Each structure stands twice: as structure tokens, then as C-alpha cells.
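Q: My structure is below; once you've seen it, I'll send some questions.
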């Protein structure tokens, strides 16, 4: 193909381009390592965290998760192990530390010299926090707002409806005398209503500015520690593991049965199936461990993330080399091998960085700016893959039409149609995902959020199944295998993925001459409409 196969995202092999790529890769790795913090997921850890100002209050976001209502109405004790059927938020070792200056200003004999409140509220009840129902933007009660007895000065305003017992929950902790520290009592709040819950630590006393919070809270659903929006994913990954096992078994049977006729492309497909099996199994066990313990050990998560990144990279490379006609219209990838590998390595690094930051940390601590910075490289590289794949498909189809390889042309038309449908579905789903996130900024639709990542996993599996069906091993591999007699482009084939050598000039001339004779004979039959069939029969 020479340089005719270049596309706008093609990677140049010059040193400057390579150095720029290495710099970008290094920057992504550095930033990902900076943002990754090993913390428990449903066990939210606080390590001397400061409060920030909002309106006339200071607050700290303690966590947010989707929680289902308890099936067993019993507050668990700290010694309970399974916690089967119970849903709760537990405060453990929560400590508030104020500044020395703030403590010195207090009366040593006074029992209560500062108040910090923990408030648990569902998304749909968020308007009950603050003075909005009192026509005020204040969060803390002021003397003017306290005149009618609707709130107490120095406390966060919470509107409780007398006939509803499932509104916001308030837990108060006081400083005593001149003590710099105070601890919350060990308390467990049972969850009896399904919803997306937010936890805030807040105080209204301006003298407590500079206060820090330490400790942890434990969040649990009736069936385990998995957050509600992630609970269906454990079942999903289990089912996908079975799907990959079935696909792998069917492929293995065909591979073994026709192992004498397999081509190099079949080994690439086998590798992608194997990676998919490992990826789904690792994610299932990672979620199962998370559900049982409430934390995500770095080892298991890194393995799952790494297999996921490797599998995504190999899947895209497989689509690319198939689109280029590797093993069908060309035996090697030639000089573009290094460019393909560079694109693959860049995608792996960018995908790995994004997955690590998304999965190593609290469920709710992934800031939008951080995610945007890491999503952009992945999106740009995906765009490069798509452009290169369709550009290569166009040239492959053109060559097959010129050579009148009817069987192979039909094969690639089916593959092109399948790929085009998948791209259209991807664009439509991206639009839906943007709409979903824009219309649900507070995660009120958390019970259906699992569908977003599940779609991409299913789409990748379906594309893999399509490739397995189109390029399945059989007793007649010539219907898609490369035939030397149809090879035309050798100027770029110095590098081969299979390690093949360079064809001698004499052999090349002989084969081209033989091809010309066959084309001349076939031309006579085209008058009667039989040329294409005869030509295809001779090849197969």
C-alpha cells in the first residue's frame, strides 16, 4: 500500500514526533499517579480534611451513594459480620480538631463551646436543607430567621415534616471547654428508604474556621458494601464471563478441528477472546471482593484495570489490521507496523491512566476536571482508530473490487456494514450518555447508571462475535486467506508481524506473469457472465 494508506491520525516515524508522544505518555502517567489515592470505596476515609465555605456555613462532603432500604429492621452491632439484609451508614472514629486559637477563646468551664453537625439527606429531600422554604439563601439559622421558632441560632436549618419520618437526619457533636478535639459517638443510622444519600459535615460557628475532620464512615446495602449504582454490575460481569467462556469454547472447538488451516489472524482473535475472559472474570471477582469487604485492594483492581486496558487495545488493533486486509489482501503490514504499535501503546497508556483514576478511590471523589483531562486523550485516540479503520476498509474494498474477489469482497462488505452500525450506535449512545449526565447532575437516576458502562462492554463483545463468525476456522481457508497470486503491493512489506522474509524479485515476476495469464483467460469468460465464478473457484 505504501504511503497511500496514511490518514490524518497516522503516526510519523520521525524522532520529534516520537519524543512528543513519549512526553504525552509520561505526562498522563504522572498525572494519573498524582490523582490516585488508595482508599476504601464504601468505607469513606477522612484524613485531616478541611471544611469549605458555602453561604453562611462551612461544610465537608462526607460521601454520596445509592442505598436500598433495609430488608431486616435491626440496627447492626459493631461485632456483626454478615450484616445480611441491613442497610446503614456507620460513623467510626470521627474526630474534629479545631485550631489552638479557637480553643483558647472558649470558657474552660463551659460544656458546649462549638457545634459540628453530620447531616444525612436524600437527593429528593435536598430542598429541606437551608432556608429556601423560609425565603432565605442562608444555610445556618440566624437571629432573624429564629424569631418565628422555625430554627435555632447556630444550627443548620432543616425542615422536617411532622407526618414524615424519613427526612434528613441530624447528628450533633459538641466541643467541650478549651479542648481542641472532640469525637463523635459510634453511631449507626439505618436506611429504611431507597434513594441516593448524601452526607455532609457542617458547622455555623465562625470561630471554628480551620477545623479538620478525620475518621471514616461505612456505607452498606442489604446485600453487601457495593454502592447501589454498582450492584447490578457484579451480576453483569458474571454473565459476561459466562458469555466469553461459551464464545471461547466454540472458537476453541473450531480452532482445534481445523488447526491445519488456521492463519495468523486466528491467533490474534484467540488472544482477544482470552483477554476478554480474563477481564470479565477479574472484574467480577473485584466487585465480589468489594461487596464483601467494602474496600478495593489496589492489587486486584490494578490487575482488572490493566487487563481491561490491554483487551481494549488489542481489540482496536484487531479491528485495524483486519480492516487493512491483513492475511486477506496482504501477508504483512510492512513499514506501518511501527506506527500501529505506537498508536496501540499510546492508547494503552491513556486508557490505563483513566481506568486507574476512575477505580482507585472513593466512588464520589472523581472530579469533573480530572476526568475531562484524562478522557480527552482516550477520545482522540479512539477517533484516530476509527478514521484509520474506515480509511483502510475503503482501500481494501477497492482492491477486492479490482481483483474481482467476490467471496472476499462479500466478507468485507459484511464486516464494513457491521462496523458502520456499531459506530452509529456508539455515536447515538454517547449522545444519550451526555443527556443522561446533564439531566441527572445529582445522580438521582443511580439505579439505571450501570447501563452506561455495560453498553460498551456488550458492543465490544458483539463486534468480537461478528469477527469470529466472519473469520471462523474452516476446511476452506482460501475464502478469506491471503493468496500470493493476488498480491500487488509489496513496496512496504519489509516488516512482517509473522516474521516472514522478503520475496525474491524473480519469484515476484513469475507470479505476476502467471496472474496476467489467468486474468486474460478469465476475461474471455466474462462475456458470458461466468468469469467471476470461474476465477473464484480457481482460487478456492
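Note: Cβ is positioned from N, Cα and C throughout, glycine not excepted.
Pasting the feature list from TrEMBL:
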type	residues	note
DOMAIN	232-477	domain 'GOST seven transmembrane'
TRANSMEM	20-43	transmembrane segment
TRANSMEM	197-219	transmembrane segment
TRANSMEM	231-253	transmembrane segment
TRANSMEM	265-285	transmembrane segment
TRANSMEM	300-321	transmembrane segment
TRANSMEM	333-350	transmembrane segment
TRANSMEM	370-390	transmembrane segment
TRANSMEM	411-430	transmembrane segment
TRANSMEM	450-471	transmembrane segment
Q: With Cβ-Cβ distances below 8 Å as the criterion, list the same-chain residues six or more beyond the ends of the transmembrane segment (300-321) that contact it, or say none.
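A: Contacts of the transmembrane segment (300-321) (Cβ under 8 Å, skipping residues fewer than 6 from its ends): 265, 268-269, 271-272, 275-276, 278-279, 282-283, 285-286, 289, 333, 340, 344, 347-348, 351-352, 355-356, 359-360, 382, 385, 388-389, 392, 419, 460, 463-464, 467, 497.
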Q: Does the transmembrane segment (333-350) make contact with the transmembrane segment (370-390) through 3 or more Cβ pairs under 8 Å, each pair 6 or more apart in sequence?
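A: They do touch: at least three Cβ pairs between the two stretches lie under 8 Å.
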Q: Quick test of the contact rule: Cβ under 8 Å, at least six residues beyond the ends. What residues does that give for the transmembrane segment (265-285)?
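A: Same-chain contacts beyond the flanks: 233-234, 237-238, 240-241, 243-245, 247-248, 251, 255, 300, 303-304, 307-308, 310-311, 314-315, 318, 321-322, 326-327, 457, 460-461, 464, 467-468, 471, 473.
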Q: Restricting to the same chain and to residues at least six past its boundaries, which positions have a Cβ under 8 Å from a Cβ of the transmembrane segment (450-471)?
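A: Same-chain contacts beyond the flanks: 229-233, 236, 240, 243-244, 247, 250-251, 265-266, 269, 272-273, 276, 280, 312, 315, 318-319, 322, 411, 414-415, 418-419, 422, 425-426, 429, 433, 436, 480.
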Q: Same-chain Cβ contacts of the transmembrane segment (411-430) under 8 Å, 6 or more residues past its ends?
A: 319, 322-323, 325, 328, 386, 389-390, 393, 396-397, 400, 455-456, 459, 462-463, 466-467, 470, 479-480
